[in-house]
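Asker: Here's a structure for you.
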Amino acid sequence: MKKILVTMAFAVLPAFAFAAGGNVPLDHMKPDLEDKVSLQKGAATFMNYCMGCHSMKYARYERVATDLEIPLELFEENLIFSDAKIGELMNIAMQPSQAKNWFGNPPPDLTLEARLRGPDWLYSYMRGFYADPSRPYGVNNSVFKDVGMPHVLAGMQGVCAHKPDTGAEPQVDPLSGRIVKDSGCESYTTKGTMTKEEYDETIYDLVNFMVYMGEPSRMESETLGKWVLLFLVILFIPAYFLNKEYWKDVH
Ligand code: HEC
């Protein structure tokens, strides 16, 4: 009995480790691995804006292109910015020791980041940068305090003037039904090229892509799962009649 209890305690332990990831309320996002267009857009954002510093070295370009249904030549021409070949691992040239000098901490590999932090955390983090002149790159983050990463998407989002309220319930004006206050940024010190909604969507796609990267086989299992269920439903029909036939003489 004791053994069983100990085993059970260990089984639920990872859930607590995850919950202890931070006490900041997070905005919620629901990944959709069937939305190929969203995944493709997310991949494009990642290759353009993140791979200068972050590798995804446990994955190969070719697998990503195939899973996301992007023709290999198109992917190689437009989304690989180093001289890497399509069959290679998604490595980068930046040396961790150099990077540590520049940023305080080296940018970690992000292949499994969505499994480490979870989609809600990533979605809130990428929308959580705000102006803080006391920091080396002029920004801080509401989810990751004193982060060493610059706000690389400031051109799109702009720079938020105040610490954004993550995880806040939207407040609706009871008369007009319009949302008067939402989570995320309220006002900006520098304007970006996107509206708040467009930026949120870009980050949704980016995080969706990172969730796919953390577990590429999940996409396959989800599709396969539907066929398996359909198979079981069809199998049920002959099984039902066979069962009836067998018991006919008994009753
Ligand atoms: C100029 C280099 C640079 C670029 C470009 C960059 N990052 Fe970072 N990033 C960093 C550094 C440095 C850290 C480590 C910060 C620290 O630990 O203080 C980091 C940390 C992170 C973390 C947190 C890792 C953790 O500790 O769990 C995430 C998530 C992240 N980056 C996502 C992104 C995404 C997504 C993009 C593209 C939109 C991006 N980064 C682009 C430098 C960069």
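Every residue, even glycine, has its Cβ placed from backbone N, Cα and C.
Residues or ranges marked as signal peptide by TrEMBL: 1-19. The heme c binding site annotation in TrEMBL covers Cys50, Cys53, His54. The transmembrane segment annotation in TrEMBL covers 224-242.
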Asker: How many other Cβ atoms are found within 10 Å of the Cβ atom of His54 (heme c binding site), counting all protein chains shown?
Answerer: 21
Asker: In sequence order, which same-chain residues at least six apart have a C-beta under 8 angstroms from Cys53 (heme c binding site)?
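Answerer: Long-range Cβ contacts: Ile92, Met94, Ala99, Pro107, Met149.
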Asker: Would you count the other C-beta atoms found within 10 angstroms of the C-beta of Cys50 (heme c binding site) for me?
Answerer: 20
Asker: Write out, in the order they occur in the sequence, the residues of the chain not among Cys50, Cys53, His54 that have a C-beta within 8 Å of the mean position of the C-beta atoms of the recorded heme c site.
Answerer: Phe46, Tyr49, Met51, Gly52, Ser55, Ile92, Pro107, Leu110, Val152
